[in-house]
């Protein structure tokens with residue numbers, strides 16, 4: 001699937017489904033589940049590498065995991081989900097040339113067909129414009145942006161009128177410069193719905209209500225694999241307990 005094809009989903013009113021994967025095992029499962037898009041998220045810093053934020057993950061680690069994701073797909077190339085990879089912290093904030101090099105490294109050496117970038121500050125917008133001119137598709141990300149945790153924390157964003165006006169302005173700018181879609185994270189459903197109606201490009205929600213053009217979730221959150229989930233990502237099963245019980249049963253059988 002090409003990034004621009006997601007616009008057709010919006011035109012037809014078809015919900016876009018995005019799940020994370022970080023290795024070949026998870027990508028095979030997510031592909032089998034029928035997700036439209038696989039996001040190799042920098043959240044792997046926390047879920048895989050044990051960090052408390054996304055900030056420590058490196059470009060080399062993102063490349064390593066995206067390559068592993070590509071090896072897990074079983075469908076023919078033209079039937080595989082679209083793969084979007086997060087550009088990690090400080091891979092694009094330090095200038096356009098560094099951003100092009102980072103995104104180019106991912107697209108040249110892995111299955112990624114697009115990158116995701118957080119924010120819409122003037123410097124970030126310039127980077128996005130440059131990447132798109134270079135032929136690199138970009139997904140935007142607004143609202144709660146985890147790479148800005150030291151400034152924003154993990155609180156819900158755009159709760160007052162000023163914040164909502166800013167979010168709308170940023171979303172319009174993201175569309176104007178050529179992003180093929182935008183993620184809205186942890187914002188009120190009312191403003192997310194407004195943005196969804198205003199934009200021609202797909203708006204993907206996570207903790208942004210049900211009226212977006214699609215939803216993205218961290219696979220480990222949906223499967224209940226951690227002992228703590230964000231309030232907007234209710235687990236479908238208690239996978240952690242299921243795994244522990246199954247493995248405990250095996251250990252006990254051997255010991256007894």
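Using the three backbone atoms N, Cα and C, a Cβ is placed for every residue, glycine included.
Around the Cβ of residue 185 (active site, proton acceptor), the same chain contributes 141, 142, 143, 144, 145, 157, 205, 206, 207, 208, each under 8 angstroms and 6 or more positions distant in sequence. Taken from Swiss-Prot, the feature active site, proton acceptor covers 185.
Neighbour count (other Cβ atoms within 10 Å of the Cβ, all protein chains): 26 for residue 42 (Mg(2+) binding site). Here Swiss-Prot flags 42, 86, 118 as Mg(2+) binding site, drawing on sequence analysis.
The annotation 3-methyl-2-oxobutanoate binding site is assigned in Swiss-Prot to 42, 43, 86, 116 on the grounds of sequence analysis. DSSP classifies residue 86 (Mg(2+) binding site) as strand under the three-state reduction.
Residues 42, 86, 118 make up the record's Mg(2+) site, and a Cβ search at 8 Å around their centroid adds 41, 43, 54, 87, 88, 89, 116, 117, 141, 146, 147 from the same chain. Taking the binding-site residues 86, 118 in turn and counting surrounding C-beta atoms within 10 angstroms, the largest count is reached at 86. For residue 116 (3-methyl-2-oxobutanoate binding site), the Cβ neighbour count at a 10 Å cut-off comes to 24, with all displayed protein chains included. In this entry, 42, 43, 86, 116 make up the residues listed for 3-methyl-2-oxobutanoate, with the farthest two CA atoms of the set 13 Å from each other.
According to DSSP, residue 116 (3-methyl-2-oxobutanoate binding site) sits within a strand segment.
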